[in-house]
Amino acid sequence: VHPPTMVATNQTSLQPASFLLLGMAGLEDLQTWLSIPFCLMYVATLLGNFVLLFVIVTERSLHEPMYLFLAMLAVADLILSSSTVPKALSIFWSLSNKVSFHACLTQMFFTHFSFIAESTILLAMAFDRYVAICNPLRYATVFTHSVIAKIGAAAIARSFCVMFPTIFLLQRLLYCGHSTMPHTYCEHMGIARLACSDISVNVWYGFATTLLCPGLDVVLIGVSYSLILRAVFRLSSKDAQVKAVGTCSSHACVILMFYTPAFFSFFTLRFGHNVPHHVHILLANLYVLLPPMLNPIVYSVKNKLIREKVSQILFRTGQLR
């Protein structure tokens, strides 16, 4: 029988009570200043995505597949940014830099969960554009409301199935009292690297899921857009070509904004050993903050119908005042 003190020690080393988040390690003097753009971008994210959701939900004319996917994207963006930015701001403002072990795992889960869900939705939107341009006569029969609901459920199920095992992969590790994390939020490999036991399973699981989820999504989106471009350039009418490219341009912008900082962050973290650590953290914050802020702006500017509906709501609000 093990003495009670030894059992307590083993439990402590297995799961630390809390983690200490250092924020932008190496840029501590600038954290107060960094909090200003972070806060403004987060407010813009909340405002933009809630307005977009409100417009899509309240306007019956927007209850079409493309706009329903946009609503899903807005929800994923809100979860992604709200899982990370408030804690980062509390660190920058010296309010709280501690997070309990289970709260850290919860934050990690929802951050990666919403990222994978958003990647799945972007893939569905690429397929939506492919059918709309390459097989317009079949569009209404392919993208019914029940199919869209199933795609939304599939995005949730896929994200859950990918991320749920990471909780157990992190709980099984020994941390040996290591509890200081040079980051603004908890993420899978950031937590795993604090362990004093073998993390090779975590490394390979993280690498495999990145390749098979967002990595595979990018390849399929690329195939979808190559087929779309081939179909567009076969159109005889120049006006039809311009219109088809216009409908895809906003989606293409969002895809670039979403995947570029995310993959850059992923590969520099694993292979960019000469890249300063604060650059890693800035990139990690960039992909959870920039796309959620810019997505509603891009779609509002590029999409005439959304632009008109937002203008109508703002005009009505102005009249009420």
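Any Cβ shown, glycine's included, is placed from N, Cα and C.
Keep in mind that TrEMBL annotations are predicted by a computer and have not been checked by a curator.
As given in TrEMBL:
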- 33-55: transmembrane segment (TRANSMEM)
- 48-299: domain 'G-protein coupled receptors family 1 profile' (DOMAIN)
- 67-89: transmembrane segment (TRANSMEM)
- 109-127: transmembrane segment (TRANSMEM)
- 147-170: transmembrane segment (TRANSMEM)
- 203-232: transmembrane segment (TRANSMEM)
- 244-267: transmembrane segment (TRANSMEM)
- 279-299: transmembrane segment (TRANSMEM)
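Cβ atoms under 8 Å from those of the transmembrane segment (109-127) belong to residues 66, 69, 72-73, 76-77, 79-80, 83-84, 151-152, 154-156, 158-160, 162-164, 166-167, 185-188, 213-214, 217, 220-221, 224-225, 251, 254-255, 258-259, 262, 287-288, 291 of the same chain, restricted to positions at least 6 beyond its ends. Restricting the average to the domain 'G-protein coupled receptors family 1 profile' (48-299) gives a pLDDT of 88. The stretches the transmembrane segment (279-299) and the transmembrane segment (203-232) are not in mutual contact, being linked by fewer than three Cβ pairs under 8 Å (pairs 6 or more apart in sequence). For the transmembrane segment (203-232), same-chain residues at least 6 beyond its ends with a Cβ under 8 Å from one of its own Cβ atoms are 115-116, 119-120, 122-123, 126-127, 129-130, 133-134, 158, 162, 165-166, 169, 188-189, 192, 241, 244-245, 248, 252, 255, 259, 262-263, 266, 270.
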